[in-house]
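A.B. asks: To start, I am sharing the structure in question, which I have written as structure tokens.
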Amino acid sequence: FFSPLVADAEMLGTPDPELAATMGFSGFGKKARTFDLEAMFEQTRRTAVERSRKVLEAREREKEDETEKEFRIPCTDSSVSASRAAGPGSALAGREAVCSESEDDSNEALSGPSMQSQSSAKGPAEDTDDDDDGDDEEEFIGPPLPPGFKDSDDDNDNDDTEEEDNNPVKKIPDSHEITLQHGTKTVSALGLDPSGARLITGGYDYDVKFWDFAGMDASLQAFRSLQPCECHQIKSLQYSSTGDVILVVSGNSQAKVLDRDGFPVMECIKGDQYIVDMTNTKGHTAMLNSGCWHPKIKEEFLTCSNDGTVRTWDVNNEKKHKSVFKPRSVQGKRVIPTTCTYSRDGKFIAAGCQDGSIQIWDRNMSVHTKFHCRQAHASGTDTSCLTFSYDGTVLASRGGDDTLKIWDIRQFKKPLNSADGLPSFFPMTDCCFSPDDKILVTGTSVKKGGGSGKLFFFYRETFQKLYEIEVTDASVVRCLWHPKLNQIMVGTGNGLAKVYYDPVKSQRGAKLCVVKTKRKERQAETLTQDYIITPHALPMFREPRQRSTRKQLEKDRLDPMKSHKPEPPVAGAGRGGRVGTHGVTLSSYIVKNIALDKTDDSNPREAILRHAKEAEENPYWVAPAYAK
């Protein structure tokens, strides 16, 4: 900012005295003064750097003093005695240091480079040292705790977790429930996407309904309902591992894949039912029983059918299956698989069959079974569910012989544990593991009016019955315990889908929709017609402006045209092309008159004797016949 002034002064040289007096230059003397700007800027920069360095040093000293004070708390007496021994000189030095610090603080100014640049100017070695010191300070602030001391909060938390570990019942989230009305018939399929945002339900009424927990309010209405397989009962619904597509297995021979919104993505091909060898057909030839997605490969899924095969498919190739697995009985004959599943790592495929066997194949070798158990359940019953534990070591099976068993597939001859007396009337009764793998859950079936369907919880290690929930007065068919939400979904035989949750232990899911109030329904809105604003219309065409919607609604309700009032029934003979209530034919006239004949036949003897005198006087029917 000095440069224009210097230039002007040099240009003027020795000014005229009058001009100088007028312009105010008289104080400059004979020659203009010159300035060394670079030197001035350099001086300013040095001053700023020096001042910033002092500020930083002062702050570091303050931090050190604070930490020293914190360390000195337990040994205050010794520090006091040490200061007394040091004499007045040290106290004076300390006072001077404090004074100098306060002076530095008062001289603080926001000039020069920022603190960040100063700190970055330090070498990397200094930074690492400071960081290490800081970490040490964070770890060991204050005196060490005495050996017997425990923080009360930590103690309570530990007690709670210990109680939960000792008592697994406390981990079951069943304090609250919501009921989703799917329909009136059995809810035979349930599916939750991996994030837990959407639930799908399918039933014997052929409907698949979509429920969005974040979008629902307390009225708990499904946002979409469709019938993807026309008139076939839904057997199984499952989201893929990424949650972007849904596998729909129904009572026909072709599985379908839908996207998240219910639009079809692919449909499996139907096999040729006249070919004997099922390996040579491109798809299933009989009703499907079950299906599921591969846990790792998002495009692959598995189906099993009454044609005696288990097939794997690729979403991108609907023209032919990937591979075929054919379960066989002891005699080597074809046997029908009623349920199928992948192991948790996707390496094995397991199927439960109608002869009571469980057969497991390596996914890459479809000819011979890797493991099998011939008498897993009673022969001739439908094994309704197979599921692997989360750790992948144990397989649970739900049999149509009213049992629940768990197996170690490496020692497949006899079950690890078994529970019986669990009636199952449905070919898709479920069982599932809890998210921590310690509890096994299944539902029971009841006959109509035979009590309540229950959800049973068994401890995995001992198979002791931990808990039971009375769900409803119908069978419990499907159950699903979602690991992310920590909520239990249940499908029942009377068309309900129930969600059990705990406000503390559960996440999102049902908690999102119960807090939203129901939207007010306004039925009268349907009567109103849209008011069209035409500002430049001629007066004869201009509509009167609506003053109040309520009054307009009342007027529209009275107007038979706007409220679509149905025509009253025709009294008497028909008119206007409509047939009257009794018609105009002879038969209808007679029927009408017979109905209107109101003779009192309350005393039949009197009614008959009423004609006795006339019969004696004028015998016409009976007497002449007996006279001859």
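A Cβ is built for glycine as well, from the same backbone N, Cα and C atoms used for every other residue.
So TrEMBL says this about it:
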COMPBIAS  47-72  compositional bias 'Basic and acidic residues'
COMPBIAS  126-140  compositional bias 'Acidic residues'
COMPBIAS  152-166  compositional bias 'Acidic residues'
COMPBIAS  544-567  compositional bias 'Basic and acidic residues'
REGION    47-175  region 'Disordered'
REGION    544-578  region 'Disordered'
REPEAT    180-212  repeat 'WD'
REPEAT    281-323  repeat 'WD'
REPEAT    342-362  repeat 'WD'
REPEAT    376-410  repeat 'WD'
A.B. asks: Write out how many residues of the repeat 'WD' (376-410) are helix, how many strand and how many coil, based on DSSP.
C.D. replies: 0 helix, 15 strand, 20 coil
A.B. asks: Residue list, the repeat 'WD' (342-362) vs rest of chain: Cβ under 8 Å, 6 or more residues beyond ends.
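C.D. replies: Here the qualifying positions are 292-297, 302, 304, 310, 312, 325, 327, 329-330, 335-336, 368-386, 388-392, 395, 397, 399, 401, 407, 409, 412.
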A.B. asks: In the same chain, who gets a Cβ under 8 Å from the repeat 'WD' (376-410) while lying at least 6 residues past its ends?
C.D. replies: 338-345, 348, 350-358, 360, 416-424, 426-433, 435, 437, 440, 442, 458, 460, 463, 483
A.B. asks: Mind looking up the mean pLDDT for the repeat 'WD' (376-410) in the predicted model?
C.D. replies: 88
A.B. asks: If you run through the repeat 'WD' (281-323) with DSSP, how many residues end up as helix, strand and coil?
C.D. replies: 0 helix, 19 strand, 24 coil
A.B. asks: On the DSSP side of things, how many residues of the repeat 'WD' (342-362) fall into helix, strand and coil, could you say?
C.D. replies: 0 helix, 12 strand, 9 coil
A.B. asks: DSSP-wise, what's the residue breakdown of the repeat 'WD' (180-212) into helix, strand and coil?
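C.D. replies: In the repeat 'WD' (180-212), the DSSP-based counts are 0 helix, 19 strand, 14 coil.
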